[in-house]
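For Asp43, Gln51, Tyr56, Ala96, Leu133, Asp290, Ser331, the entry in TrEMBL reads FAD binding site. Among the features that TrEMBL reports, domain 'FAD/NAD(P)-binding' is placed at 15-313.
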Amino acid sequence: MSVPSPAFPPERDADVLVVGAGPAGLHAAFYAAWRGLSVTLLDARHEPGGQLTALYPDRRVYDVPGLPAAPAADVIAGLVRQLDGLNVQWHLHTLARTLEPDGEGWRVGATTPDGPRTFRAGAVILAAGLGALLPREARVPGADTHPDVRTDVPDAAELAGRHVLVVGGVPQATRAALELAQAGAQVTLTHRRAGFRGSPADLGALEDAGRSGQLKLLAPATLTTLTPTSASLTVDGQPHDVKADTVLILNGYLPDLTPVQGWPLDWQGEYVPDGVGSRTALPGVFVAGDLAASGQDFKLISVGLAQAAVAANHAAHHVRPDLRVRPGHSSEKRLS
Ligand SMILES: Cc1cc2nc3c(=O)[nH]c(=O)nc-3n(C[C@H](O)[C@H](O)[C@H](O)COP(=O)(O)OP(=O)(O)OC[C@H]3O[C@@H](n4cnc5c(N)ncnc54)[C@H](O)[C@@H]3O)c2cc1C
């Protein structure tokens, strides 16, 4: 669908680069791609969804238009599904750090699992929300001597056959434990409090798996120390050791805005001022979602989605001046 732009050099990675795959970034990516542009979408996390999948995947959201009482994860699944068939390249585990002019476009420097990488685009939409949602650090005695302590959700198949200790009460810990057990890992799930969090379906599956012995549940329990192959816990005041080839510490995510706060966008604290068309102080750089100053106290999904539509359509016109800003009605168009 992408048509080469007369205004920007062909060696760029995409017409539009979106930083952040939360609801605002996903919808911005949709709209820019829907207008026929190529889009690169970056997120520091291993999955899209921003705050919804990182901080409250197990809760229902009541105020997204047209999706009454939708689980947060379903809101994101719909936004992701809307990108099907569109020219959007995903780069997860990718943290945007620098922004530099690149002719009439922009160069964004990022760290990726394969090392540093530069992305070139005609326009940038910054939808970084509260900041990069990075896993909380693991603070367990012995963690530095254990060969395989992780703080992010792994590919379950990679750990099949291993003894895996999953530590944490967040929904991601419950889900990871279930997926790892299904993939053939010997899983122990532990948390310092009595209960685990998760969707009703995941909590039901966890109870079944615990009862059938498919995985072991230890809660409330305190993880006291790690050795290179095992973990020592205290359960009901008694010492309890489990084998642990891999230790997965899932304590949730903390937002970090600092990677983009050096970008010269006239920051107002944690906000980027946005003018007409969601423009920032830099030509060709747009902002949407929680980060945009115009939203003020309305840090809401619905507000971010609207800002994303405005930003993406102005970005489309910026990159391809032959495209009108106004997109027209999607109901009058077909993708193919
Ligand atoms: C507990 C809780 C409940 C909520 N409930 C509701 C509700 O019921 N209704 C509602 O409307 N709103 C709710 N909200 C608010 C809503 O989640 C936010 O308004 C929304 O997520 C903002 O979307 P966003 O895309 O702007 O940012 P985010 O969701 O924060 O997504 C930003 C994304 O950008 C990524 N990112 C940031 N910096 C970088 C970087 N440098 N490089 C790469 N990636 C980066 C982050 O990792 C993240 O994935 C709730 C929020 C919380 C915390």
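Backbone N, Cα and C atoms are what each Cβ position is placed from, and that goes for glycine too.
Location within the structure of each feature annotated in TrEMBL.
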{"residue": "Asp43", "record": "FAD binding site", "CB count, 10 Å": "27"}
{"residue": "Gln51", "record": "FAD binding site", "CB count, 10 Å": "21"}
{"residue": "Tyr56", "record": "FAD binding site", "CB count, 10 Å": "16"}
{"residue": "Ala96", "record": "FAD binding site", "CB count, 10 Å": "25"}
{"residue": "Leu133", "record": "FAD binding site", "CB count, 10 Å": "23"}
{"residue": "Asp290", "record": "FAD binding site", "CB count, 10 Å": "27"}
{"residue": "Ser331", "record": "FAD binding site", "CB count, 10 Å": "6"}
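Per-residue confidence over the domain 'FAD/NAD(P)-binding' (15-313) averages 95 (mean pLDDT, predicted model).
In this structure, Asp43 (FAD binding site) belongs to neither helix nor strand by DSSP; it is coil.
Under DSSP, Tyr56 (FAD binding site) is assigned to coil, being neither helix nor strand in the three-state scheme.
By the rule that a residue counts when its Cβ sits under 6 Å from some atom of ligand 1, the binding-site residues Tyr56, Leu133, Ser331 yield Tyr56, Leu133. For the FAD site, whose binding residues are given in the record as Asp43, Gln51, Tyr56, Ala96, Leu133, Asp290, Ser331, the maximum C-alpha distance rounds to 35 Å.
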